[in-house]
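Structure first, commentary second.
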């Protein structure tokens, strides 16, 4: 019996023979062979009739259509899955940025207000001792966290201490002058006067690092000077000693930021890892400040005051002092967290905006006598700080 082609409706398990289907690798050809029952193989005749070609196209089309459907379905599911993951990740990042920003603002405002409460509310006349106690708390907490393996820090070596000691002297002076000025000046005016630090820093960058600023930055700095002068003139609670300490604080703060850049590069070269993170700097600054603080307590004769003041026998006073120490360390942690979640630009802008509620809280909580002119000067100075932050943002974008 000769070979026969099967019609599209023929049975594939016919008793007269059996049906075999062969695929090539690309699936473009289907070869149909029919074997007789007597075992004689057909001479490899390949079906090439129109019906054969229709069968090929039909079978191949069905297979490819099924694959396309599966691919489209898998692609859609994968796309939806990726979209969900990206959406959840974006929400998480936004929540982390918001939470870290609130924590930074809260700790920063609270630190200044608590220090003002200790120095003015309790009338505590030992600012060096307050700084020493706060720094001691920071050293203890950082050391405990490091021993538990929760944070990493560089070990303190004599080489690192020698490099860091000059900038630490400026750091201690910056903290002390801030304490002294805060005792005599209200929080709002301290906030406005601190803008003068930006002016000194900009001038220092121009002469030391040959860095040039655009006209917007200088315009903002000019507004800061105007607001500081007008605020001082209209300040109803003006105190010459407090303003003198604050001016010294501005120069020391600017010197600290300018010196820190060079010292950090040198300090990194003497560390084991070649790096110096924020925790290492916190521990280094606060540890080195302890012996210097003890020396200054005797120089400024705070020892006699500490022996006679009844405040040290009040548990509530110790509670507030301890809280100020925790807040001082919290500023370091939250500032790192917020900077990691956002960036230097957002961090700078939020820091400027944060001065507005701080100034209002300082006036309200401590019942500061003020006038319309002084309030306008304070508000003008706060806006100048925001304008300065935005000008620096544009300057960085252009560079």
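For all residues, glycine too, the Cβ spot is worked out from N, Cα and C.
It should be emphasised that the depicted structure is a prediction, and the values quoted were computed from it without experimental measurement.
According to TrEMBL, the features are:
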DOMAIN    99-387  domain 'Sugar phosphate transporter'
TRANSMEM  97-119  transmembrane segment
TRANSMEM  131-151  transmembrane segment
TRANSMEM  163-182  transmembrane segment
TRANSMEM  188-209  transmembrane segment
TRANSMEM  216-234  transmembrane segment
TRANSMEM  240-258  transmembrane segment
TRANSMEM  279-298  transmembrane segment
TRANSMEM  318-339  transmembrane segment
TRANSMEM  346-368  transmembrane segment
TRANSMEM  374-391  transmembrane segment
Select the range from 97-119, 188-209, 216-234, 279-298, 346-368 that forms the most Cβ-Cβ pairs under 8 Å with the transmembrane segment (240-258). 188-209
Selected stretch (most C-beta pairs under 8 A with the transmembrane segment (97-119)) from 131-151, 163-182, 216-234, 279-298, 374-391: 163-182
Would the transmembrane segment (374-391) and the transmembrane segment (188-209) count as touching if the test is at least 3 Cβ pairs under 8 Å, pairs 6 or more apart? yes
Are the transmembrane segment (318-339) and the transmembrane segment (131-151) near each other by the rule of at least 3 C-beta pairs under 8 angstroms (pairs 6 or more apart)? yes
Which residues of the same chain, at least 6 past either end of the transmembrane segment (216-234), have a Cβ under 8 Å from a Cβ in it? 189, 192-193, 195-196, 198-199, 202, 243, 371, 373-374, 377-378, 380-381, 383-385, 387-388, 391-392, 394-395
With Cβ distances under 8 Å as the criterion, find the stretch in 163-182, 188-209, 346-368 that has the most pairs with the transmembrane segment (279-298). 163-182
With the cut-off at Cβ under 8 Å and a gap of six or more residues from its ends, the chain residues touching the transmembrane segment (163-182) are 112, 115-116, 119-120, 127-128, 130-131, 190, 193, 241-243, 245-246, 248-249, 252-253, 255-256, 259-260, 263, 266-267, 270, 284-285, 288-289, 292-293, 296
